[in-house]
Amino acid sequence: MGDYGIWSCLSVLILLFSRADCFYLPGVAPQDFKKGDDLQVKVNKLSSTKTQLPYEYYSLKYCPPKDIIDVSENLGEVLRGDRIENSPYVFKMRETRLCNVLCKIKWDASEAKSFKEKIDDEYRVNMILDNLPVAVAKQRTEAGQVPAYEHGFRVGFKASYTGSPEERYFINNHLSFVVMFHKDPETDYARIVGFEVTPHSVRHEYEQPWDDEKRLLTTCDPNTKRTVSGTEIPQEVVEDKEVIFTYDVTFQDSPVKWASRWDTYLLMTDDQIHWFSIINSLMIVLFLSGMVAMIMMRTLYRDISKYNQLETQDEAQEETGWKLVHGDVFRPPTGASLLCVYVGTGVQCLGMSLVTMIFAMLGFLSPSNRGGLMTAMLLLWVFMGLFAGYSSSRLYKMFKGTEWRKNTLKTAFLFPGVAFCIFFVLNALIWGEKSSGAVPFGTMFALVFLWFGISVPLVFVGSYFGYKKPAIEDPVRTNKIPRQIPEQAWYMRPFFSILIGGILPFGAVFIELFFILTSIWLHQSYYIFGFLFIVFVILIITCAEITIVLCYFQLCSEDYHWWWRSYLTAGSSAFYLFLYATFYFFTKLEITKLVSGILYFGYMTIISYAFFVLTGTIGFYACFWFVRMIYSSVKID
């Protein structure tokens, strides 16, 4: 596992620097098959939305191939808990095969118990054919609509026999596969464009004695045209009882082209409602942003004109409003070094988010590239350390700090250190559950190497160049003695104004947040990166404007402690994000296990922390620009 990080770095670097005139991305180019070619089905993890703990396919006693071979995975796949292996399912291209017997096995008590536990937790089996995940087609309510896909199929189900109240466990031991292909009209080659399955539970019977060579069943025999229809007696999960695993595979010609084969996987069940909701939300936020900007421009223009006019007419007997605190507004805040660290980390988050979304919009991080999104985000975070160090040291020098190396170390270690500690504890809990979601030691070493070997040196390089540049000069002089701040109205006190400031930025993203949480925790595909980018731009504008407005009111009330408050005002939107995540947990998820609940809130804590750093930095820089602009626009003696 130790070379996952190296391969991940190489794969993304190849992806980033690949020629612009290439049509297909590395690793996702189409593959042509002629009739009779072997198609190898691969098995992936067992997944459940009730536990959020993935397990390897062969952790249950399914039919194994002669030799189980692990397929190499990238860094993102390992972190997602993917464990891709070969399987005994082998198809022949465009050759229908019915009633294929895989194996006949017996379970002991512990193996039967494992199956029952997975059925209780609604685990689903994930398979892959030609990089397409297997899916169960569900017909939509409206006639004529394209069916919706559910990723994977259930391990089994619970039901009771007629006249008996006792629920029993049944295994889906017969799979009816349908492989859709698109044929080239000029050649005999075809491309796979769909992979569906219908699972059945069948208590197979056979003529005694069992022949390992012929494997003839009386419940499923293509020679007598008897196939599995779903009306047979189901196969119960019972220890020391024979279970026979079988499958059918049929092929269907499809008009869908290879380039569009993911469209059905990405369709949402209630897309119209959500699209209109998102558009409506964006229009409201744009309207509010325009109103705020217009009010601010008019008010500021009037203030600046009045101050300059009073100075020229020698009528300024006593200064009032925000001009009164000009001698204290650029006084370094308490905890200036920590503020520099958080601003630098926020620049790192902002750069990572922007570049990731741009590449996602261009199609480099499509769902066919499993783990690509997470791998790209990690690598971009590492490389953005250069900008974190630069921005942190520039601000630190403006505050007349002298220990730039100490400041750089804090920038390199504070945020990733907190995130890594939480991640390490959560990973230990996953190890305790023997889940494949636990990050192996080799991958953990790769993550630490990316952090210490690449990110930390880049932060130091950025800090070195940032500290070498001349310090940013304040537009007005700072008084030696700080002025006293008058008693503030209740609505202008820090706690209240900070909480109010986070509402509007959160309102800009909360509908999109629903889709993102659904993608993460309900294992659905997320693909509307274009809309996400628009929402992200709206978030930046909203954070900037709400911070500027509240900063202006704060300065007008003669309170010059704006440095930290500007950061916390926009950053408080993370508090509402965490509240929404808590609401989502209790209303949308069915998690009952303690470990699964800890995992959810642990990962949402990391996400909320990153959102706090991101939005706080946007608000800080907006307020920083605003304060410098207004105080450089008026005449000060």
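Including glycine, each Cβ sits where the backbone N, Cα and C put it.
Listed features, source TrEMBL:
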SIGNAL    1-22  signal peptide
TRANSMEM  273-296  transmembrane segment
TRANSMEM  339-365  transmembrane segment
TRANSMEM  371-390  transmembrane segment
TRANSMEM  411-432  transmembrane segment
TRANSMEM  444-467  transmembrane segment
TRANSMEM  495-522  transmembrane segment
TRANSMEM  528-555  transmembrane segment
TRANSMEM  567-586  transmembrane segment
TRANSMEM  598-627  transmembrane segment
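Most Cβ pairs under 8 Å with the transmembrane segment (567-586) belong to 528-555, among the candidate stretches 371-390, 411-432, 444-467, 528-555. Residues 2-6, 8, 75, 344, 378-379, 381-383, 385-394, 396-397, 404-405, 407-408, 411-413, 416, 420, 427 of the same chain, all 6+ positions outside the transmembrane segment (444-467), place their C-beta atoms under 8 angstroms from a C-beta of that stretch. Proximity of distant same-chain residues to the transmembrane segment (598-627), defined by a Cβ-Cβ separation under 8 Å and at least 6 residues beyond the stretch ends, is recorded for 52-53, 329-330, 339, 342-343, 345-347, 349-350, 353, 415, 418-419, 422-423, 425-426, 429-430, 501-502, 505, 521, 539-540, 543-548, 551-552, 555, 562-563, 566-575, 577-578, 581-582, 585, 589, 591.
Below 8 angstroms of C-beta separation, residues 15-16, 25, 333, 372-373, 376-377, 380-381, 384-385, 387-393, 395-396, 399, 401, 407, 410-411, 414-415, 459, 529-530, 532-533, 536, 563-564, 567, 610, 613-614, 616-618, 620-621 of the same chain, each at least six residues beyond the ends of the transmembrane segment (339-365), sit close to that stretch.
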